[in-house]
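Chemist: The structure that follows is given in the form of structure tokens.
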Amino acid sequence: MAKHERGLRFQPTGGVKSVQIPAGKKQRLSIERLSDDGRGIAFLEGKTWFVAGSLAGEEVEARVLNARGKVVEARTERVFVASDLRRAPACDYFGRCGGCSVQHVPHEEQLALKQRMLAEQLLRVANVVPDEWAAPLSGAELAYRRRARVAVRWDAKAKRLDVGFRAAASQDIVSIEECPVLVQALQPIMSQLPAMLKSFSKPQVLGHVELFSGSSTAVLLRHTAPLAEADLATLQAFCKTHGAQLWLHGEGEPQPASPGDTLGYRLEPWNLQLAWRPGDFIQVNAAVNTAMIEQALHWLAPAADERVMDLFCGLGNFALPLASLAKDVVAVEGVATMVERAAVNAMSNDLHNVRFFQADLSQPLTHADWAAEGFSAVLLDPPRDGAFEVVRQIRKTGAQRLLYVSCNPATLARDTVELVKQGYRLKRAGILDMFPQTAHVEAMALFEVSK
């Protein structure tokens, strides 16, 4: 029997395992195209590289973040040959902070990339092309984000408090003092927040911080133990200087430091005020949110004698504007506390033709009395998992028109397959640029019963 070659291991199946590339290794690569998430794709020695911060046609030096099998994730460290499309990022932390991934791409090209991603998913998964493509719905490139979560961590070994945002593909914190995508009201708070927190006598009890801007500005601090009196006074003075409410989140639910303080946002075209609390979902881009609602109402076009169902209604972001047009709105949400707040929002805005119900929308609708009432139109705004169980039964509602707002083109495409089976046709679709400078795609699609 022949001796084994030194260093060679025989595998039961599949031949010799490929050599894994260590994290931190640098490699020169030729970028061939962009992936669905905006990263450059390169091929080398049988492996596919996904390179953040690169563009098609570029020659770059990339640093490996992690490697698994034949897939390598990396980030651009140096550009040898740049694409004509490349632009200087607006943020000094770009490439280190995990918040924005495509600041090096012109905004018009960002929109085109997102539109292509949506079109490819619909065609590949559902074999569908909409009758009409809508123009991308977009707003300002920067200073759009009205809500942010700031990471805070005490490094006991280094005796250092880190304040900032999570690094790309990591739990590390990138220390940040400015963020150009935050709305203007939050930028001075963000710039002075790290120094204020680092002055605390007991920084080890600090958790994350959340910043909000709406009808009022607010700072929420998560803490794992009671704050020292001096530290609380420092925090209160900081918030007073910036005209912000202070919310504290220790044990139990977050509470305002000043009883009676509330959070909310306005939907000006409909003269609506929506109240919410920390932990509730709201859209972070106020301008695109308003434009999205306007487009949804225009596409769905509910008549004054029609009944509309709003599924995954949240705080009433769509349901309350819909109530100004339709005869009757039935709005359904899975989170009981948000159903309660949505109902309060309807009453406080003097809307009496909208009813709210709590239901598990990951399950079919067949057993709900409100689902059997009959509707002319349905609006869906599900989470990333989509609404597969709902759309399987949607034709039983009698809806002739269905408007689907999606935060995940993959599940929209999957659900489109089922809607086509149910007898609907995709009439119109387009992207919603809710998160400029990122590859995150939101979309709107209008379905109508096939004639």
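Each Cβ is built from the backbone N, Cα and C atoms, and glycine gets one as well.
Take a look at what Swiss-Prot says about it:
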REGION    1-21  region 'Disordered'
DOMAIN    20-78  domain 'TRAM'
BINDING   CYS91, CYS97, CYS100, CYS179  [4Fe-4S] cluster binding site
BINDING   GLN283, PHE312, ASN317, GLU333, ASP360, ASP381  S-adenosyl-L-methionine binding site
ACT_SITE  CYS407  active site, nucleophile
Chemist: Provide the number of Cβ atoms within 10 Å of the Cβ of ASP360 (S-adenosyl-L-methionine binding site), excluding the reference atom itself.
Modeler: 10
Chemist: Setting CYS91, CYS97, CYS100, CYS179 aside, what same-chain residues sit with their Cβ within 8 Å of the center of the Cβ atoms that define the [4Fe-4S] cluster site, listed in sequence order?
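Modeler: Going along the sequence, the neighbours appear as TYR93, PHE94, GLY99, GLN103, PHE165, ILE176, PRO180, VAL181, GLN437.
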Chemist: Which residues does CYS91 ([4Fe-4S] cluster binding site) neighbour through Cβ under 8 Å, counting only same-chain ones at least six apart?
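Modeler: In sequence order, the residues whose Cβ lies under 8 Å from that of CYS91 ([4Fe-4S] cluster binding site) (at least 6 apart) are CYS97, CYS100, GLN103, GLU178, CYS179, PRO180, VAL181.
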Chemist: What's the CA to CA span in angstrom from the residue listed as 'active site, nucleophile' over to GLN283 (S-adenosyl-L-methionine binding site)?
Modeler: 11
Chemist: Among all chains shown, work out which of the binding-site residues GLN283, ASN317 has the most CB atoms within 10 A of its CB.
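Modeler: Per the Cβ count within 10 Å, the most buried is ASN317.
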Chemist: Could you state, as a whole number of Å, the largest distance between Cα atoms of any two of GLN283, PHE312, ASN317, GLU333, ASP360, ASP381, the listed S-adenosyl-L-methionine binders?
Modeler: 22
Chemist: In which DSSP state, out of helix, strand and coil, do we find CYS407 (active site, nucleophile)?
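Modeler: Reduced to three states, the DSSP call for CYS407 (active site, nucleophile) is coil.
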Chemist: I'd like to know which of these recorded positions, CYS100, CYS179, CYS407, is least surrounded, judged by other CB atoms within 10 A.
Modeler: CYS407
Chemist: Going by DSSP assignments with H, G and I as helix and E and B as strand, what are the residue counts for the domain 'TRAM' (20-78)?
Modeler: 0 helix, 36 strand, 23 coil
Chemist: Given a separation of at least six residues and a C-beta threshold under 8 Å, show me what packs close to PHE312 (S-adenosyl-L-methionine binding site) in the same chain.
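Modeler: Once residues fewer than 6 apart are set aside, PHE312 (S-adenosyl-L-methionine binding site) is near VAL332, GLU333, GLY334, LEU361, LEU380, ASP381, PRO382, PRO383, ALA387.
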Chemist: If you average per-residue pLDDT over the domain 'TRAM' (20-78), what number do you get?
Modeler: 93
Chemist: By the DSSP assignment reduced to helix, strand and coil, which category contains GLU333 (S-adenosyl-L-methionine binding site)?
Modeler: strand
Chemist: For CYS97 ([4Fe-4S] cluster binding site), what is the secondary structure state per DSSP, taken as helix, strand or coil?
Modeler: strand
